[in-house]
Amino acid sequence: MAITDILSAKDIESALSSCQADDSFNYKSFFSMVGLSSKTPDQIKKVFGILDQDKSGFIEEEELQLFLKNFSSSARALTSAETKAFLAAGDTDGDGKIGVEEFQSLVKA
């Protein structure tokens, strides 16, 4: 399944262009711009499955750093500061990674 099966390519392009500069990524505005915030829990779970590159059931820090590349191979990697802030926002149980329920909560925050 491709991410564009769930989200519009135009919305993805617009969201990526809003965070091209280092340290400009804001997960809340990104989720809103790509239209993820308005998706059903099942659709959000499918996007989580795409982001979970190693299929561990979690999005770890290394996968978060490459978060934007899941939307476009030409997108930049997140900076260390952006990655750590994104992880801190999503990791509500403190295990150092984001599970599917945590991701759904983060998207709807």
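A Cβ is built for glycine as well, from the same backbone N, Cα and C atoms used for every other residue.
Taken from TrEMBL, the feature domain 'EF-hand' applies to 39-74, 78-109. Annotated Ca(2+) 1 binding site per TrEMBL: ASP52, ASP54, SER56, PHE58, GLU63, in sequence order. The Ca(2+) 2 binding site annotation in TrEMBL covers ASP91, ASP93, ASP95, LYS97, GLU102.
Shown here: features listed in TrEMBL, placed on the structure.
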residue: ASP52; record: Ca(2+) 1 binding site; CB count, 10 Å: 20
residue: ASP54; record: Ca(2+) 1 binding site; CB count, 10 Å: 10
residue: SER56; record: Ca(2+) 1 binding site; CB count, 10 Å: 11
residue: PHE58; record: Ca(2+) 1 binding site; CB count, 10 Å: 18
residue: GLU63; record: Ca(2+) 1 binding site; CB count, 10 Å: 19
residue: ASP91; record: Ca(2+) 2 binding site; CB count, 10 Å: 19
residue: ASP93; record: Ca(2+) 2 binding site; CB count, 10 Å: 10
residue: ASP95; record: Ca(2+) 2 binding site; CB count, 10 Å: 10
residue: LYS97; record: Ca(2+) 2 binding site; CB count, 10 Å: 20
residue: GLU102; record: Ca(2+) 2 binding site; CB count, 10 Å: 19
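Confidence annotation: the domain 'EF-hand' (39-74) carries a mean pLDDT of 96 in the model. Between ASP95 (Ca(2+) 2 binding site) and PHE58 (Ca(2+) 1 binding site), the C-alpha separation comes to 10 Å. A distance of 12 Å separates the Cα atom of ASP93 (Ca(2+) 2 binding site) from that of PHE58 (Ca(2+) 1 binding site). Each residue contributes its Cα atom, and for SER56 (Ca(2+) 1 binding site) and LYS97 (Ca(2+) 2 binding site) those atoms are 10 Å apart.
Distance from the CA of PHE58 (Ca(2+) 1 binding site) to the CA of LYS97 (Ca(2+) 2 binding site) is 6 Å. Put simply, ASP91 (Ca(2+) 2 binding site) is 15 Å from ASP52 (Ca(2+) 1 binding site) when counted between their Cα atoms.
Here the CA atom of ASP91 (Ca(2+) 2 binding site) lies 18 Å from the CA atom of ASP54 (Ca(2+) 1 binding site). Cα of GLU63 (Ca(2+) 1 binding site) to Cα of ASP91 (Ca(2+) 2 binding site): a distance of 14 Å.
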